[in-house]
Amino acid sequence: MATKTKTASSAKVGPKGITFSGDTFVVPETHDMVKTLFDPTVRKSNLEFIILACLFSNLLVFWLVPENSLRIPIFIGFYIFWRLSYNFGIGYLLHNQSKYNRLVEWSRNLRLFDAKSNSALSKFIIAEIKSQRGAEYDIDSYPIEFNTWLVFRKFVDLVLMSDFVTFICVVWTCAINNNNEFLHDQKIWLVNTRLVVGFGLIVFNFWVKVNAHNTIKDYAWYWGDFFFRQINNEELIFDGVFEMVPHPMYSVGYIGYYGFALIAKSYTVLVIAIFGHFLQMIFLHYIENPHIDKIYGPSKNQINLFKLLKLRDLKNFDNLKPLVGLYNFNYLRGSDVMNLILVGTYAFVLPIFASSAGNRFDFVFFLAVGIKLLESFSINTLLTLQSHSKFFTKWYLSNDIPLEKSLNNWAVIYNSLINLTYASLFGLNFYQYLQGFTSELLFSQWLYLRVFVGLLLIFTQSWINSSIIDSIGYFGWFYGDFFIPKSYSSMQHLTKAGVYRYLNNPEQIFGVCGVMGVFIMVPSVENLVCCFLWVANNFVRINFIERWHMIKVYGEQEVLQDSGVTKTFKKHLIPEVISRRLSNDTENNQNIRRRKSSSFTITDSLDNFIKELKTSKTKLSKQKLIELSQSLSFENSDYKLNVSGLQATTEKDSEYLPNYVDVGSPIEVQWTSPKETHSERDWIGLYRIIQTSYSRNKTLLSSSGRWTFCKESSGKFTFAGNKLFWEEGVYEFRYHLNGSHDVAYISEPFEVRIPSVSVPLDDSKSDELAKDLQVKFFSKLLNTRSVDDSISEAASESDNVLEVYKLLSKIISQATNVSIGPKVFLQHDAPNTVATLSSKIIHIKKVLEELSNIQN
């Protein structure tokens, strides 16, 4: 590129470059194309004069073609030529240079920089470089790669500047067509708004280009890394505008084109802008991105590791990619087929039937609203319960279903409901289409513009969703952090790669922008209501459920750090003092949140409510219990019952509690009755006080086998096994006369407790837990002798095996505070022993503990 004359010493100052063959050199200073071509203080090279002549030659069209309507197709043809030269001409050269080092090889084979060569092309190229760099520039002291890049830059200057100039000519000719049409046929406020917004987009586009060039310099602007590398520039730069959006030169770097279309009020300009932007995205995908991955991307080992992590992620989904919308559809998977049927029914079948049945618009609308409300309430409620109490996970683990199944089945529920909402929304608009859009629209102008913007928003939502899945995988897409502990997942930290580099919550707006697009295309009141429901639900779910759960799991430092957009906004668009103040306020707010003992989340409020319910129970004194149990008429009775084997309560408030016995422990009862009135058919029964307190003198309730005859006037009997209640509560013994249910005496009430069993988190202590369970429960209920005895064989001696399993699961759940279900004992993939059961309980405990672990 042309530059001012430099001294030899200054030429040696600058960044260091290295070719792909290993030669190092000092990279001289270069300038951008605008300064090179239009700054009069910068010397112009031979090719630069030719480029300027080509640019100004476009003005000949205005002189030679007086009819403006004829100029438009001419400039459109020019623009298409230069745009194709850009994306396919430069693209072809860069592709070959990246793959085969083709441009450098051509230079070497043609001896372009060999002063001894007699070819006219070589002499012209050498003269061109001398005119760019100055007469003192020593071509031989620089590698052929750098010199080739200097020549390549001139071709880039010609194509890019011609592309932009011809586009401006298209804009100008379209704007002034039909006597300055862009200023007429609209209300003045609308014209002014259009001009202000259009100029705003152009100014923003200009800022993006300037900021991008200041960040990456000429080296990257002219694709220098296709020819050589700069030392200490081995990583991609994420600063300035590159921290705001991915590939800003190709994304928001073309937003000014749409500003020009808005100013010109021309669909022709809009189509040209879309055409150019579309080709640029193709160039990015097929030329730029492959080279970026080659130069700056991960190594093959890292790529393979990433693929393995993705495959490992699929273990939560039966090792198959789960259905997202209708993507990853598998006709052999029942849930996928059902989703397809439901989507087809709500999107097409119901609207068609409703249309053929007359005006059923209200039915279709309320159906869409009802389904969205159902999805919002059910998904938000389930996520809240899962975050608070691990509701979903507990149910699966208690039934001995693998942890991964909970996430897989949740994914089916979540995706099915989401599919229903979008299918019903589509069905609502399909019905309006079938009816000829008889519903009154809020506005009906600019149909083509509305369709373009609407489709663009729908595409944006699809692209953002795809980018989210690429960044966080299916695990993150389906809220895996709610269901799977961090130690079971490949995601140990929140990702800041992909789209999350620029936005903390990209789905906050872009996750529902497609619904906004539907409203823009069909702006009916019904679509406005649906749009509001989608946006409101999305806001609540992200900010009041997902965000607070992420803080629990990953901590505030990871969740609340500024996104790339926020950093750039603070750095470039607001004063430094205010930016610093905002940062300090954020830190202070985080410190305040750490110091507060109370929480603001929905789940913690629910937790406090449950605790209040537990502590609000009225306590009865021991005397009150005795009075409740015993009739005062028995106080001086000749009949007596003494219960032995009870333990005295040693707790702080023992005055409120009766004596107790551990569940399953034998209870010995001694009776005494008058010999002269004693009958061999007198009997003693065991009852729960809450079931018999309404009748003191006569028992109206069956003892259900928990009784024994008193054949002697005095004696004792031990209640054990099936003659006991195997659940907590307050109980009593009753002495009955002569085979009847007439009560002669009621014993002192006593409590049956389930002893607490501590569950360790260390697998090595599984044997200790197994022995504890064996002694306290299994030896008493099933008569097992060791932790390795089969539970199934011992339970089969009972008349009702399933009832035994239900009883065991209930007792063990209460004792260990780890919920298990009867199905735990029905699995045959491992020996069904107390030892294996203890291992399962420890596993469940570890999972729930890790899910409940809140970062400070």
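Just so you know, glycine gets a Cβ as well, placed from its N, Cα and C.
What Swiss-Prot records for 1-46 (among others) is topological domain 'Lumenal', and it gives sequence analysis as the kind of evidence.
The annotation transmembrane segment is assigned in Swiss-Prot to 47-67 (among others) on the grounds of sequence analysis. Long-range contacts of the transmembrane segment (47-67) within its own chain (CB-CB distance under 8 A, at least 6 residues past either end) are made by residues 2, 36-37, 74-75, 78, 128, 132, 154, 157-158, 161-162, 165-166, 169.
Here the topological domain 'Cytoplasmic' (68-73) has Cβ contacts under 8 Å with residues 61-62, 169-170, 173-174, 176-177, 268 of the same chain, all six or more residues outside its ends. As annotated by Swiss-Prot, topological domain 'Cytoplasmic' applies to 68-73 (among others), with the evidence given as sequence analysis.
Per Swiss-Prot, transmembrane segment is recorded for 74-94 (among others), and the stated evidence type is sequence analysis.
As annotated by Swiss-Prot, topological domain 'Lumenal' applies to 95-155 (among others).
Among residues of the same chain six or more beyond the transmembrane segment (156-176), those with a C-beta under 8 A of the stretch's C-beta atoms are 33, 36-37, 47-48, 50-51, 54-55, 58, 61, 68, 71-72, 75-76, 78-79, 82-83, 85-86, 89-90, 182, 222-223, 257, 260-261, 263-266, 268-269, 272, 276. Feature annotation from Swiss-Prot assigns transmembrane segment to 156-176 (among others); the stated evidence is sequence analysis.
Sequence annotations record features per position, and here Swiss-Prot assigns topological domain 'Cytoplasmic' to 177-187 (among others). Listed by sequence, the residues of this chain that lie at least six past the ends of the topological domain 'Cytoplasmic' (177-187) yet keep a Cβ under 8 A from its Cβ atoms are 68-69, 72, 194, 263-266.
Annotation comment: Swiss-Prot describes 188-208 (among others) as transmembrane segment.
Summarising the annotation, Swiss-Prot assigns topological domain 'Lumenal' to 209-243 (among others). Cβ atoms under 8 Å from those of the topological domain 'Lumenal' (209-243) belong to residues 1, 15-20, 24, 27, 30-32, 94, 97-98, 103-104, 143, 145-146, 148-149, 152-153, 156, 249, 252-253, 291-292, 295-296, 501-502, 564-565, 567-568, 571-572 of the same chain, restricted to positions at least 6 beyond its ends.
Away from its own ends, the transmembrane segment (244-264) comes close to residues 167-168, 171, 174-175, 182, 194-195, 197-202, 204-206, 208-209, 212, 270, 272-273, 276-277, 280-281, 283-284, 288, 498-499, 501-502, 564-565, 568 of its chain (Cβ-Cβ under 8 Å, at least six residues beyond either end). Annotation source Swiss-Prot lists transmembrane segment at 244-264 (among others).
Residues 72, 76, 79-80, 83-84, 86-87, 91, 94-95, 98, 163, 167, 170-171, 174-175, 247, 250, 254, 257-258, 260-261, 448-449, 452 of the same chain lie 6+ residues outside the transmembrane segment (267-287) yet bring a C-beta within less than 8 angstroms of a C-beta in it. The feature transmembrane segment is assigned by Swiss-Prot to 267-287 (among others), with sequence analysis given as support.
Residues or ranges marked as topological domain 'Lumenal' by Swiss-Prot on the basis of sequence analysis: 288-336 (among others).
Residues annotated as transmembrane segment in Swiss-Prot, with sequence analysis given as evidence: 337-357 (among others).
What Swiss-Prot records for 358-362 (among others) is topological domain 'Cytoplasmic'. Here the topological domain 'Cytoplasmic' (358-362) has long-range neighbours at 431-432, 435, 439, 526, meaning same-chain residues at least 6 beyond its ends whose C-beta is under 8 angstroms from one of its own.
Annotated transmembrane segment per Swiss-Prot: 363-383 (among others), in sequence order.
Residues or ranges marked as topological domain 'Lumenal' in Swiss-Prot (evidence: sequence analysis): 384-409 (among others). A mean pLDDT of 89 is what the model gives for the topological domain 'Lumenal' (384-409).
Using the rule of three or more Cβ pairs under 8 Å, pairs at least 6 apart in sequence, the transmembrane segment (337-357) is not in contact with the transmembrane segment (188-208). With pairs at least 6 apart in sequence, the transmembrane segment (410-430) and the transmembrane segment (440-460) have fewer than 3 Cβ pairs within the 8 Å limit; the two do not touch. Between the transmembrane segment (410-430) and the stretches 74-94, 188-208, 509-529, Cβ pairs under 8 Å are most numerous for 509-529. Per DSSP, the secondary structure of the topological domain 'Cytoplasmic' (358-362) breaks down as 2 helix, 0 strand, 3 coil.
Within the same chain, residues 241, 248-249, 252-263, 265 sit at least 6 positions outside the transmembrane segment (188-208) and bring their C-beta atoms closer than 8 Å to a C-beta of that stretch.
Secondary structure of the topological domain 'Lumenal' (384-409), assigned with DSSP and counted as helix (H, G, I), strand (E, B) and coil, comes to 21 helix, 0 strand, 5 coil.
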